[in-house]
Amino acid sequence: MDFWTAFQAIILGVVEGLTEFLPISSTGHQIIVADLIGFGGERAMAFNIIIQLAAILAVVWEFRRKILDVVFGLKSQPAARRFTANLLLAFMPAVVLGVLFADLIHEYLFNPITVATALVIGGVIMLWAERRTHSVAVDHVDDMRWSHALKIGFVQCLAMIPGTSRSGSTIIGGLLFGLSRKAATEFSFFLAMPTMVGAAVYSGYKYRDLFQPSDLPVFAIGFVTSFIFAMIAVRGLLKFIANHSYAAFAWYRIAFGLLILATWQFGWVDWSTAHG
């Protein structure tokens, strides 16, 4: 492994860790950054699975007490059973639609132009959602109804379009459906666990032949980097939302998306030939 390859692994690990749980689209950033630094091909597909697992492991570690409380409370606590049922219900739409359409979406939509467009549209929707007046019916994730979970699960499917953002769609969906900002954010984190693990297992099995022993050092660097920065992002976001709205992320999405579209429109970067 040469220095440049190690540097690429660090950069992409940082990008994955920082963006996976922020409402700015980790997939979109990965596609754009990977294209800029020339990290692609079969190794990149396997590498992305590894760094996504690292990011979700950071969330599991951060919420380990809540997870253990739910696991040990399944037999005796109705709240734990309801929370688990809500997670499974919210997870199912992504399973069905992911299996049916994942290959088509990857083939036709995994490119920087789609990402940039989705970033802008998602940013505008995020601003609208934050500025509208909405009542809070659910203050805590344990108080969610099955209907809340199912609706958030369907909204999560929008994130199959790169640039939309899984966390962004579920958080904003939660706000629109009556969840508090804290409840919507926490449920988004918890929903990420089965969703991302399921996607990683599916992709890992599908592309199992791409994992080569010679790539272990690159994978290790990306894994550790992604884990560390995902932990920073999760803790930072939970503190941020206590006193702030998501407007800053919305403006970032719009500005970043417009920048990508401008570089393409004026011919500074030929994004149209790029593919994730």
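Including glycine, each Cβ sits where the backbone N, Cα and C put it.
As written in Swiss-Prot, here are the features:
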type: TRANSMEM; residues: 43-63; note: transmembrane segment
type: TRANSMEM; residues: 85-105; note: transmembrane segment
type: TRANSMEM; residues: 109-129; note: transmembrane segment
type: TRANSMEM; residues: 183-203; note: transmembrane segment
type: TRANSMEM; residues: 214-234; note: transmembrane segment
type: TRANSMEM; residues: 249-269; note: transmembrane segment
Original post:
When you check the transmembrane segment (249-269) against the transmembrane segment (109-129), do you get at least 3 Cβ pairs under 8 Å, counting only pairs 6 or more apart in sequence?
Top reply: yes
Original post:
In the same chain, which residue numbers or ranges, 6 or more beyond the ends of the transmembrane segment (43-63), come under 8 angstroms Cβ to Cβ?
Top reply: 9, 12-13, 16-17, 20-21, 26, 30, 34, 186, 189-190, 192-193, 196-197, 199-200, 203-204, 207, 210-212, 215, 218-219, 222-228, 230-231, 234-235
Original post:
Restricting to the same chain and to residues at least six past its boundaries, which positions have a Cβ under 8 Å from a Cβ of the transmembrane segment (214-234)?
Top reply: 1, 5-6, 9-10, 12-14, 16-22, 43, 46-47, 50-59, 61-62, 189
Original post:
So which residues does the transmembrane segment (183-203) touch in its own chain, when a touch means Cβ under 8 Å and the partner is 6 or more beyond its ends?
Top reply: 20-21, 45, 49, 52-53, 55-56, 59-60, 62-63, 66, 86-88, 90-91, 94-95, 98-99, 138-141, 143-144, 149, 152-153, 156, 166-167, 170-175, 234, 237-238, 241
